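One structure is given below, encoded as structure tokens.
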Amino acid sequence: MPADPPRHATYRAGALAAVRDAYVVLLPISLFGVVATLLGQFPIPAVRAWLESRLGQGWTGTADAVVQSTWGVLGLALAVTIAAMVAQRAPRGASREPLPPIWVAISALVNFTLCASATGPVTLQSFGQGSMLTGIIVGLATPALLRPLADWAPMRRLAIGYDSNPVFYHATRLTLPMILLGLLAKAAAELAWRLPRPDLRWVAEQASDFGVEWLLTPLAVAVNQILWFFGVHGGKVLESHFGFLFTQAGELASQDRVPRVLIDNFVHLGGSGATLGLLLALLIAARDGQNRRLAQLSWLPALFNVNELLMFGLPLVLNPRFVLPFVLAPLVLVLPPLLALHQGWIVLQPVQIPWTTPVLLSGWWLTGSWTGVGLQALGLGLSTAIYLPFVRRDEAARSAERLDAFQHASAVIVSEAPRSDTPLRRSDHVGVIARGLLHDLERAIGTPALSLVYQPQHRLDGSVVGVEALLRWQHAGYGAVRTDVVIALAEQGAVIAALGAWVVDQACARKAQWNALGLPQLTMSVNVSPLQLSQPGLHRRVAEALARHRLRPDELELEITESRGIPVGDTADENLAGLEALGVGLAMDDFGMGHASLLHLRRFRVAAIKVDGSLSREVLAHPVSADIIRAIATLGHTGGARVIAEFVETREQRDRLATLGCDVFQGYLYSRALPAGECLAYLLRSVQPVEAAAG
């Protein structure tokens, strides 16, 4: 059954994205080719001589082989990659068999080779940059045509039963469709090759009436840029179809042909699109993030007019945000050198300039004067000015997209937290962000990026009885990261032990400082993940921290958080017993709505029970919440535990919680969580009136 129009619309959108992303996927082989090209065609003779003395006389052959193995198969690689990505992203109906990407890629490989054979014997030259347009067409057409052929009943005669091996099933199901599609590709390529080709020399004849250079040079530049925007090597297309319009390397400027050397050295500064100006704009406007890093990586290749990182990494290909400056900048840059050439301000020397010659140096070699250098410097300034506002707009959009992706990933990390390390194993953007955050978190432990803030806890009479230490992470790129995200990542990534040990040590150190300032009566509460209870020796590490900072055990209280259920096992029981024997208070956090089980109250002595915040917030609006809190308070008091209510924001709410049996209150009614210095000042102000009243 044919797909409905919305599905086709989605397919087309996915196809365009697949073309752009295919260039990104192929970036490693492109950069491999870049390195080989720079080494093999380094423009400075002294450097080439040094390389030959170090690497031997045959080293350029190796560089050429690398170029042929990378750039030399770029067209074929595009066809295979695009086809596989389109198939992978195509919408799937519940009752339709999918097109496995591996078979689509194989079909694209065959179809591309058959198309290349239409022009003559297939050689390695058939697969390179000159065939990028063919690669894009084949890559898009293969999954689009293979889909209906695979669904066509006559094409399924070789298919075996669906209860067979899945690989064998798909192989037999797609055999006839792939054969028929290959024959169609061959026929279409042969037909296209045999179509009569128009004689384009009339273009030059007509343009001669207006001045070939002034008319055709900007036109050639515009066509080149438009082709490159769609991922097609504009230079190869112009050279193969309009080569007669251009002067060749080493030729003097001609009035009846387009000066190719002028375009290469005064327009395409840094590569097609005058992307050296884009690079400067990125360095100016991109303060951090992906674009800043991309600019840093692109700087050295761009000096030698290699811009693959910018073309495919930013990307410029099929990127609507940069289509205008990508076309406009070269069109603007073509005018000053044309004017200088016609006015006699520069004279192009009959020398061959390697295309990898750096900007400014090529201007001097080509013109033999500082005027050529100045023209290139002017071009750099103009292209930078053209790109700059678009870079700033792109930076703003990327920042918003990056923040949205981070927030989405954060929500997924927390929602999937109970399922072990699921987010870290994902292969999508969420997984990439989760793994990156985990690595950043590991590096942040023990640095100023991680800190503790402290929220005071009060009795009903207003006296301060303790503080809760709360973790904060100020990420260099994302800013403040939610604490529940930090804990979930630490638990999923097996760094919770190291993070927890750091938190306990920092909290004990802070408590020791406050003791020296006259605040020994306060209890320091620290959150502990249930997973830490499964770590052997937790109670010993806590004892070491207390001894290191000369604190009494009763000055520290560990709140067992409800991110997961409290583990059952010998190690957990040993830690709980050891902490209880040590004299450290144990509290149940978020009691009433999480994983807490009443049976855990039999395993260890609970010094405090902390009412879940969702119950505290709704105590005035929902009678059921009040009933649950009353039951929790009764249970806690029976066992000799204090009952703590958090998220207390109004007096009315506090008074209601007090009547239900809560003993200690924590929330914005008293204070937000404060940095250490501010919390110390708050505590000193709060303790002094109580001491005065007691005196």
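Cβ from N, Cα, C; glycine included.
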| query | Which stretch does TrEMBL mark as transmembrane segment, out of 126-146, 378-398, 462-482, 588-608? | reply | 126-146
| query | What parts of the chain pack near the transmembrane segment (99-120), using Cβ distances under 8 Å and only residues at least 6 beyond its ends? | reply | 75-76, 79-88, 90, 126-127, 131, 134-135, 138-139, 141-143, 146-147, 150, 170-171, 174, 178, 181-182, 185-186, 188-190, 192-193
| query | Cβ under 8 Å to the transmembrane segment (266-285), counting only same-chain residues 6 or more beyond its ends: which ones? | reply | 221, 224-225, 228, 234-235, 291-292, 294-295, 298-299, 302-303, 305-307, 310-311, 316, 322, 325-326, 329-330, 333-334, 336-337, 359, 363, 372, 375-376, 379-388, 390-392, 395
| query | By a Cβ-Cβ criterion of under 8 Å, what residues six or more beyond either terminus of the transmembrane segment (322-340) are in contact with it? | reply | 213-214, 217-218, 221-222, 224-226, 228-229, 262-263, 266-269, 272-274, 277-278, 314, 316, 346, 371, 375, 378-379, 382-383, 386-387, 390, 394
